[in-house]
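Notes follow the structure.
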Amino acid sequence: MDSLYDISCFAAGLAGNIFALALFLSPVTTFKRILKAKSTERFDGLPYLFSLLNCLICLWYGLPWVADGRLLVATVNGTGAVFQLAYICLFIFYADSRKTRMKIIGLLVLVVCGFALVSHASVFFFDQPLRQQFVGAVSMASLISMFASPLAVMGVVIRTESVEFMPFYLSLSTFLMGASFALYGLLLRDFFIYFPNGLGLILGAMQLALYAYYSRKWRGQDSSAPLLLA
């Protein structure tokens, strides 16, 4: 029975790692454009900085001296931190102006200091189980803010009745990752994992529902156009 439980936990966590990888790879198209243009143009570097901070905090939560048995949380967020740092470095290198470059570097320093503050505070001021609860609460708040960020895009979809700015595979990856880690958290009985990822699952499902509705509506309008012209 225990072996089946362990296999189920591992399978759910591994699936979450795989689906998260699709999310981490999603900005590749943007950075191909930046590399080609040798300029960041009007792209904003702040989302990558926030994502880096989120990954670092969640990585810390997954380490054995904070929350034992959460290694797959550490692996996914360690991978995410590497991707976000690579994106930020490219953003700094191709920044349009020295002012933008220094701003991103300054914010990167703040991110590192913020993570250092959380990690050191958790070690020096808290023993178990308070350490896990403290870092878990911070990581949960960070995850919820990350999952809530697409709400603005969903509003744009509703206003414009167009799914142009809400890629299907990004929404699908969010849904599948949320589902996988929500199950992983439930199996571990870890509120700090299943609650924020459960919200991610719900928001991912809402994005997919919007995509299905408005993409079908757009196709219907598009297919009716020739009839009107005739």
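In case you wondered, yes, glycine gets a Cβ from its N, Cα and C as well.
Curation does not apply to TrEMBL; its annotations are automatic.
What TrEMBL lists as transmembrane segment is 12-31 (among others).
If you look up TrEMBL, you'll see 43-63 (among others) marked as transmembrane segment.
For 69-93 (among others), the entry in TrEMBL reads transmembrane segment. Beyond the transmembrane segment (69-93), the same-chain residues lying 6 or more positions past its ends with a Cβ under 8 Å from any Cβ of the stretch are 10, 13-14, 16-17, 20-21, 24-25, 27, 31, 34-35, 40, 43, 45, 48-49, 51-52, 54-56, 58-59, 61-63, 101, 104-105, 108, 181, 184, 188, 190, 193.
Within its own chain, the transmembrane segment (105-126) has Cβ neighbours under 8 Å at 45-46, 49, 52-53, 56-57, 60, 65-66, 88, 92, 134-135, 138, counting only residues six or more beyond its boundaries. According to TrEMBL, the feature transmembrane segment maps to 105-126 (among others).
Taken from TrEMBL, the feature transmembrane segment applies to 138-158 (among others).
As annotated by TrEMBL, transmembrane segment applies to 165-187 (among others).
Taken from TrEMBL, the feature transmembrane segment applies to 193-214 (among others).
For the transmembrane segment (138-158), the partner stretch with the highest count of Cβ pairs under 8 angstroms, out of 12-31, 43-63, 165-187, 193-214, is 193-214.
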